[in-house]
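The next block holds one structure in the form of structure tokens; read it before the comments.
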Amino acid sequence: MTQESSSSNHYVDESSFDNNNNNNNNGGEGSSNEILIRIPFLHDSVPALYAMFALASLFVLLATILSAHLIYKHLKYYTQPDHQRYIVRIVFMIPIYAIYSLLSLLLHNYQVYFALLRDCYEAYVLYMFFALCVSYGGGDKNLVTHFTSHPVMRLPMPLFFKFKPNEAFLQVCRMGMLQYVLVRPAVTLASAIFEIFGLYDEGSYAINRFYFYNAFIINVSVTVALYIVVLFYQAAAEELAPYKPLLKFTSIKIVVFFCFWQSIAISGMTNFGWIPTLDGWNSGEVSTGLQNFLICFEMFGVAILHQYAFPYELYRVRAFSAAPLIHRVEMGTVFKSVINSVSQKDMVKETVKSFKGTKITDGKTGLYSGLKDEVFNEFDIEEIEMGDFTSANDNNNFDDFDFSENNINSNNKDNNSSIYNDGASKKNHIGSAILAGGGGGGKKDNDLITDDDFFSLMNNDYANIDFSNFDQDALEEMNFDDDDDDMAFTARR
């Protein structure tokens, strides 16, 4: 780089670093203390900010294409709505975050208003991620049961004292996540209002500017939310393990937590005078533009990460493994899937649970009430006692199977006579067909062998078996020296 006149597009004025604080106050207007960066492959007359916008647009386009493809695949193979509705909402965060950051880079004077919409969806997605983890864990009552039986654990740093989860643990986690959902949009809305009256001042930590309070409040809120996420993951690790949650947690942390602390770090650099002016922008505007540019680039990386963190192939396998589902998934449920994923009924239920909580013990007695299975009317079956079976001819007549010889002979003879129905079965497979005492037409009666003989067959102990009950012709074909395992296996069957 070379130092030139103020009309040149690429120069460095060394005094810009010494007088940077003054530039913050006068907005950089009419000042020669500017730094322009030479961008490779671009003509010298192209301003650096235009080059940043061009590069950011490329990353945003790629990130949007990747995310749109993943969302479409999940909607096409929408076989598990309890999971995929949350996945679709989480993945949709990438285009929203990237596009709003790109618009903030282009229209930097209105970036605080774009940030309002972006931050609202960011808080919403964090809550959806928590709801997805609850769904992965089998629902509220399953997780509460798991937490109450969980051994004593140590809290994550910086708190290391021991902690025993109880029934209220899931509700505490929900409230910890919900506070961020409420605080982040509220503070961003307040920032937009203060910006209208000129009292926001992006990047300034003066106590008479709202940016200082904005950064402090959101920092506390996001730290609590992050701590709750880590604590929940630590307590529910066993339940979440089959879903490989590490990549999912990483993608959420990058978007929600890393991006926020990155903005705080850049603002701190501005406050210390480490961010110069650029193309007529003061250092505060440059820091905001740099943050938006980095987000555009980072969203492309997160979009790639989402391909592995939230793959659609698992649900595609589920679709093709069930014949009645193939036609429905392939032939036109994408629109219905969109409606289901957009509906916010589950969000309302989650919010109600945050205040109501989930109990698995009786509030009056304190006794365990157990998990209640969902009841589906189409599967209503009349309960019968163990050992009672309904007669095929009379629905109101119940026979005691254990003492009904007719039931034994009529219901068991087919199964007992052909344990192996293929012609290649070995001759020493013992079935009821070799029991002695034949009936008419060479058919064998189905008298049961004694318990002692049965367990002797299972243990390959032939010395204690009374072979007088077996058909002698069939026994001559048996080989008791070879293939003992097959005989024991047949006895077990």
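Including glycine, each Cβ sits where the backbone N, Cα and C put it.
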Original post:
If you check Swiss-Prot, which of ASN219, ASN415 turns up marked as N-linked glycosylation site?
Top reply: ASN415
Original post:
Which stretch, 180-200, 212-232, 254-274, tops the Cβ pairs under 8 Å count with the transmembrane segment (87-107)?
Top reply: 254-274
Original post:
For the transmembrane segment (293-313), what are the same-chain contacts with Cβ under 8 Å, counting residues 6+ beyond its ends?
Top reply: 52, 55-57, 59-60, 62-64, 66-67, 70, 73-74, 76-77, 87, 90-91, 94, 97-98, 101-102, 105, 247-248, 250-251, 254-255, 258-259, 262
